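Single-structure report; data block below.
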Amino acid sequence: MARFGIVLVISLCLTISVLPDTTIAQLSRGFYSKTCPNVEQIVRNAVQKKIKQTFVTVPATLRLFFHDCFVNGCDASVMIQSTPTNKAERDHPDNISLAGDGFDVVIQAKKALDANPRCQNKVSCADILTLATRDVVVAAGGPSYEVELGRFDGLVSTASSVEGNLPGPSDNVDKLNALFKKNKLTQEDMIALSAAHTLGFAHCRKVFKRIYNFNGINSVDPSLNKAYAIELQKACPKNVDPRIAINMDPVTPKTFDNTYFKNLQQGKGLFTSDQVLFTDGRSRPTVNAWASNSTAFNRAFVTAMTKLGRVGVKNSRNGNIRRDCGAFN
């Protein structure tokens, strides 16, 4: 794509390439048009089959993609299983709660692709995850969009590399903006991608502090809608198993929509990192705009997902096509 081969034209007509060959330059929508022309349909069929088995596939895949791209780029390194000599990304505390159905849908799609002689060992796990993420968004009622392809799978996966690179449930807007900026994503991208919390669930342990021990003055976070706080306390009583799950979106937890932003307007953001998008004056205008305009939100989400998919892309020199998505070749 032309806009990725950026050049600076100097007055003496010299041109200096800004982006090295190891970046996203190889990404294109038709990357597999000759080697595996049916790649999108094969992945989509696997995704649809998996969703019929369990809806958890939808939020699990979306979260898996985000956690992968934010640590060492979109290279499926999060899928690597630990070995006696290497503790991989997926076993870092921030990734332990990643649902197995997200991993499984990629594995199933990989099997389906490898069963096709033309596609066998031709499609990267990173690209499969990117396609599957688009497909689960569509399956939940979200926008469809073209996916750029051509990622290679990463050759490194360490738990230590996860530390400090993923947003936390208590982060404020400054912290969120800083994390996203590291990946060349704007505040608008951050707000759009945060709306992935319109789907899926979280565990009670992630909200205990907000509803029982917020600070020395308030036991309950005052930014929480009072009725919603009571609902959360009922769903997550103090003695509950902290692994018990609650819906991220209390209104439409199985639909990809802009209800997330409407919830924030009412003080119904599950995490502090959600609610600050409304309480902070810098991000509130965007929340209000997208709460009233789902088309504008969908457009911004597609833009943000496309940009996210370009983060840290590997090529044939610093990556490969894994035979098994969970292990290095």
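Any Cβ shown, glycine's included, is placed from N, Cα and C.
Positions annotated as signal peptide by TrEMBL: 1-20.
For Cys36 (disulfide bond), the same-chain residues that are 6 or more apart in sequence and have a Cβ closer than 8 Å to its Cβ are Ile42, Leu113, Asn116, Arg118, Cys119, Lys122, Val123. Residues or ranges marked as disulfide bond by TrEMBL: Cys36-Cys119 (among others).
As annotated by TrEMBL, site 'Transition state stabilizer' applies to Arg63. Taking the Cβ of Arg63 (site 'Transition state stabilizer') as centre and 10 Å as the limit, one finds 20 other Cβ atoms among all the protein chains shown.
Applying an 8 A CB threshold to same-chain residues 6+ apart, the list for His67 (active site, proton acceptor) reads Val78, Glu89, Asp94, Asn95, Leu98, Leu166. Taken from TrEMBL, the feature active site, proton acceptor covers His67.
What TrEMBL lists as Ca(2+) 1 binding site is Asp68, Val71, Gly73, Asp75, Ser77, Glu89. Listed in sequence order, Gly154, Val311, Gly312, Val313, Lys314 are the same-chain residues at least 6 apart in sequence whose CB falls under 8 Å from the CB of Gly73 (Ca(2+) 1 binding site).
Taken from TrEMBL, the feature disulfide bond covers Cys69-Cys74 (among others). Counting every protein chain shown, the number of other Cβ atoms lying within 10 Å of the Cβ of Cys74 (disulfide bond) is 29.
The annotation disulfide bond is assigned in TrEMBL to Cys125-Cys325 (among others). For Cys325 (disulfide bond), the same-chain residues lying six or more positions away in sequence with a CB closer than 8 A to its CB are Ala76, Met79, Phe103, Val106, Ile107, Lys110, Cys125, Ile128, Asp153.
Residues or ranges marked as substrate binding site by TrEMBL: Pro167. Listed in sequence order, the residues of the same chain lying 6 or more apart from Pro167 (substrate binding site) and placing their CB within less than 8 Å of its CB are Lys175, Leu176, Leu179, Ser273.
TrEMBL lists His197 with the feature heme b binding site.
Sequence-distant neighbours of Thr252 (Ca(2+) 2 binding site) (same chain, six or more apart, CB under 8 Å from its CB) are Thr198, Thr259, listed in sequence order. Annotation source TrEMBL lists Ca(2+) 2 binding site at Thr198, Asp249, Thr252, Asp257.
Annotation source TrEMBL lists disulfide bond at Cys204-Cys236 (among others). Cys204 (disulfide bond) has a Cβ environment of 19 other Cβ atoms inside 10 Å.
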**OP:** By Cβ count within 10 Å, point out the most packed of the binding-site residues listed: Asp68, Asp75, Glu89, Asp249, Asp257.
**Re:** Asp68
**OP:** For Arg63 (site 'Transition state stabilizer'), find which of the recorded positions His197, Cys204, Cys236, Asp249, Asp257 come within 10 Å, Cα to Cα.
**Re:** His197
Subject >> Candidate disulfide-bonded residues Cys69, Cys204, Cys236, pick with smallest Cα gap to Asp75 (Ca(2+) 1 binding site) >> reply: Cys69
Original post:
Given the Ca(2+) 1 site residues Asp68, Val71, Gly73, Asp75, Ser77, Glu89, which other residues of that chain have a Cβ within 8 Å of the mean position of their Cβ atoms, reported in sequence order?
Top reply: His67, Cys69, Phe70, Asn72, Cys74, Ala76, Val78, Gly154, Ser157, Ser161, Gly312
